[in-house]
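Enquirer: This is the structure I want to talk about, given as structure tokens.
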Amino acid sequence: MSQKLMFLFTLACLSSLPSPFISAQIPAIGNATSPSNICRFAPDPSYCRSVLPNQPGDIYSYGRLSLRRSLSRARRFISMIDAELDRKGKVAAKSTVGALEDCKFLASLTMDYLLSSSQTADSTKTLSLSRAEDVHTFLSAAITNEQTCLEGLKSTASENGLSGDLFNDTKLYGVSLALFSKGWVPRRQRSRPIWQPQARFKKFFGFRNGKLPLKMTERARAVYNTVTRRKLLQSDADAVQVSDIVTVIQNGTGNFTTINAAIAAAPNKTDGSNGYFLIYVTAGLYEEYVEVPKNKRYVMMIGDGINQTVITGNRSVVDGWTTFNSATFILSGPNFIGVNITIRNTAGPTKGQAVALRSGGDLSVFYSCSFEAYQDTLYTHSLRQFYRECDVYGTVDFIFGNAAVVLQNCNLYPRQPRKGQSNEVTAQGRTDPNQNTGTAIHGCTIRPADDLATSNYTVKTYLGRPWKEYSRTVVMQTYIDGFLEPSGWNAWSGDFALSTLYYAEYNNTGPGSDTTNRVTWPGYHVINATDASNFTVTNFLVGEGWIGQTGVPFVGGLIA
């Protein structure tokens with residue numbers, strides 16, 4: 001094995017655990033040391049040395065400097081994108097302008113993440129686990145944003161010198177992430193048992209009834225009871241506070257007739273101390289492209305049920321949209337809860353990438369929802385996400401992105417693709433070994449959709465393929481039907497990422513779960529309970545607090 005390959009494999013092994021477990025400390029971390037010593041664990045040590053001053057310092061001073069330089073580069077890149085849009089905005093193709101607009105949007109998010117991270121790092125050397133996880137998540141997302149921008153520009157042949165800046169900016173953000181993860185992220189002391197069979201709020205739930213324990217004013221309660229035609233149960237201390245409620249009813253008898261109008265009415269930049277802004281969307285087919293922008297925080301959206309409240313669109317790459325902007329529903333606002341809603345992209349199997357939901361909303365939760373499309377159905381783009389008792393239908397790479405995401409007790413339905421295509425349930429997009437990202441499929445069911453089950457031609461179906469170099473996906477305690485290829489996983493192209501990815505299975509059931517004939521890649525593993533517990537809600541998402549406050553049921557550890 002070459003020295004470079006050995007180094008990459010070592011990085012992959014070190015990064016096979018979620019962020020709190022990869023904080024192997026640099027010797028004498030609080031003492032002055034050389035850039036060469038500090039940069040040993042950066043993805044690109046030579047680049048790291050080139051951006052740090054050639055004088056002794058500790059990891060905190062180097063980390064703060066790197067974050068300040070990252071912030072400066074992000075500001076510069078926004079100016080470059082603005083100039084490019086001014087130059088091309090009226091003459092370039094729709095897809096080119098779309099890619100540039102995506103980059104501008106992503107760059108603004110990156111500015112937010114870097115500013116918050118820099119302010120936190122400047123204020124202290126010691127962070128709580130949850131605060132360290134916040135910053136680790138923001139820096140991971142900044143790198144994801146750069147990668148998404150670059151992909152969009154490449155796909156529309158509109159790089160024009162921007163790709164070099166993006167490449168260097170991404171490397172600088174990688175230095176900031178590496179130094180932060182080694183300096184500020186504390187070692188986690190796992191105090192909870194591996195086995196945690198009881199779900200929070202279990203007494204409120206039967207399977208798939210989509211009810212939340214809500215607490216609201218008498219006026220809001222009266223509105224809720226009227227629109228749902230059922231009486232809201234009296235709440236207790238565990239109930240989720242609702243600050244206000246508006247209704248969306250297509251016949252005009254509610255507050256709004258469109259979902260976007262209701263979202264616009266939500267307060268801006270709320271801290272959630274007064275509860276969630278509840279949008280109740282009654283049954284109907286809503287043909288609109290819904291967006292929850294980043295300033296709309298603590299929004300709760302409840303529908304009348306799967307296949308009752310349906311949001312639908314048909315944008316696709318073939319029709320000139322970027323993958324990033326093809327989504328029927330776009331979520332950027334943090335602390336969002338979605339319940340009892342179907343989101344569809346009906347572009348079809350011949351239109352290429354066509355997203356149903358794109359989520360970049362931090363600490364977002366979807367419960368008892370359905371996402372239906374073909375290629376690239378569920379774009380778990382970035383930050384932290386949780387899906388419980390949801391259905392996902394798709395074909396090629398139909399759960400993809402680079403969030404830290406757990407899908408728990410969900411139904412995943414590969415469907416019939418265009419002839420000649422294969423199905424991949426996941427295509428995880430981790431590009432940096434220090435990112436705290438990955439996809440965990442926990443306690444789910446994977447079986448063919450009806451059209452695939454009755455297909456008149458053979459379709460190969462896999463658990464996933466590595467979209468990016470450090471792709472990370474774990475399938476555990478999941479039922480896998482017999483239609484899965486025995487090899488389990490598919491390559492992206494040749495031997496790309498086969499040594500640096502982390503794919504793992506643990507204690508799955510069903511005729512497709514036999515690992516005897518699985519791939520023999522260096523990055524593939526059959527893991528034990530201790531390793532699997534690293535990818536649970538409690539350990540991977542640090543989720544007991546933020547998911548617990550939503551009222552959505554979850555299992556924090558492995559299922560007994």
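First residue shown is number 1, and so on along the chain.
Each Cβ is built from the backbone N, Cα and C atoms, and glycine gets one as well.
Annotation comment: Swiss-Prot describes 1-24 as signal peptide. For Asn31, Asn168, Asn251, Asn255, Asn268, Asn307, Asn314, Asn340, Asn456, Asn507, Asn528, Asn534, the entry in Swiss-Prot reads N-linked glycosylation site, with the evidence type sequence analysis. According to Swiss-Prot, the feature substrate binding site maps to Thr323, Gln353, Arg465, Trp467. Annotation source Swiss-Prot lists region 'Disordered' at 417-441. Residues annotated as compositional bias 'Polar residues' in Swiss-Prot: 419-439.
So that I understand the layout, could you describe where these features sit and how close they are to other parts?
Expert: Less than 8 angstroms from the CB of Asn31 (N-linked glycosylation site) sit Asp58, each of them six or more residues away in the same chain.
Following the DSSP three-state reduction, the secondary structure of Asn168 (N-linked glycosylation site) is helix.
Within its own chain, Asn251 (N-linked glycosylation site) has Thr257 as residues 6 or more apart in sequence whose C-beta sits under 8 angstroms from its own.
In the three-state DSSP reading, Asn255 (N-linked glycosylation site) counts as coil. Summarising the environment of Asn255 (N-linked glycosylation site), the number of other Cβ atoms within 10 Å of its Cβ, over all protein chains shown, is 16.
All chains included, 11 other C-beta atoms sit within 10 angstroms of the C-beta of Asn268 (N-linked glycosylation site). Asn268 (N-linked glycosylation site) carries neither a helix nor a strand DSSP state and counts as coil.
Long-range Cβ contacts of Asn307 (N-linked glycosylation site) within its own chain (separation 6+, distance under 8 Å): Thr342, Ser370. Under DSSP, Asn307 (N-linked glycosylation site) is assigned to coil, being neither helix nor strand in the three-state scheme.
In sequence order, Asn345, Thr346, Ala347, Gly348, Lys351, Ala354 constitute the residues six or more apart from Asn314 (N-linked glycosylation site) in its chain with CB-CB distances below 8 Å. According to its DSSP assignment, Asn314 (N-linked glycosylation site) is coil.
Its Cβ placed at the centre, Gln353 (substrate binding site) has 25 other Cβ atoms within 10 Å. Taken residue by residue with DSSP, Gln353 (substrate binding site) is part of neither helix nor strand, so it is coil.
Proximity of distant same-chain residues to the region 'Disordered' (417-441), defined by a Cβ-Cβ separation under 8 Å and at least 6 residues beyond the stretch ends, is recorded for 11-12, 14-15, 18-19, 22, 43, 133, 136-137, 140, 143-144, 147, 170, 174, 177-178, 181, 349-350, 374-375, 380, 382, 394-407, 410, 452, 457, 459-476, 478, 490, 492, 500, 502, 535-536, 540.
In this chain, no residue six or more apart from Asn456 (N-linked glycosylation site) has a CB-CB distance below 8 Å.
Cβ neighbour count for Asn507 (N-linked glycosylation site) (all protein chains, 10 Å cutoff from its Cβ): 16. Reduced to three states, the DSSP call for Asn507 (N-linked glycosylation site) is coil.
In the three-state DSSP scheme, Asn528 (N-linked glycosylation site) falls into the coil class.
DSSP assigns Asn534 (N-linked glycosylation site) to a helical segment in the three-state reduction.
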Enquirer: I'd like to know which of the recorded positions Asn168, Thr323, Arg465, Asn534 sit within 10 A of Asn507 (N-linked glycosylation site) at the Cα level.
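Expert: Passing the 10 Å Cα cut: none.
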Enquirer: Distance check, please: Cα of Asn534 (N-linked glycosylation site) against Cα of Arg465 (substrate binding site), rounded to an integer number of angstrom.
Expert: 21
Enquirer: What count of other C-beta atoms do you get within 10 angstroms of the C-beta of Thr323 (substrate binding site), across all chains shown?
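Expert: The answer is 24.
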Enquirer: What's the CA to CA span in angstrom from Asn528 (N-linked glycosylation site) over to Gln353 (substrate binding site)?
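Expert: The separation of the Cα atoms works out to 36 Å.
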Enquirer: How many whole Å apart are the CA atoms of Asn340 (N-linked glycosylation site) and Arg465 (substrate binding site)?
Expert: 30
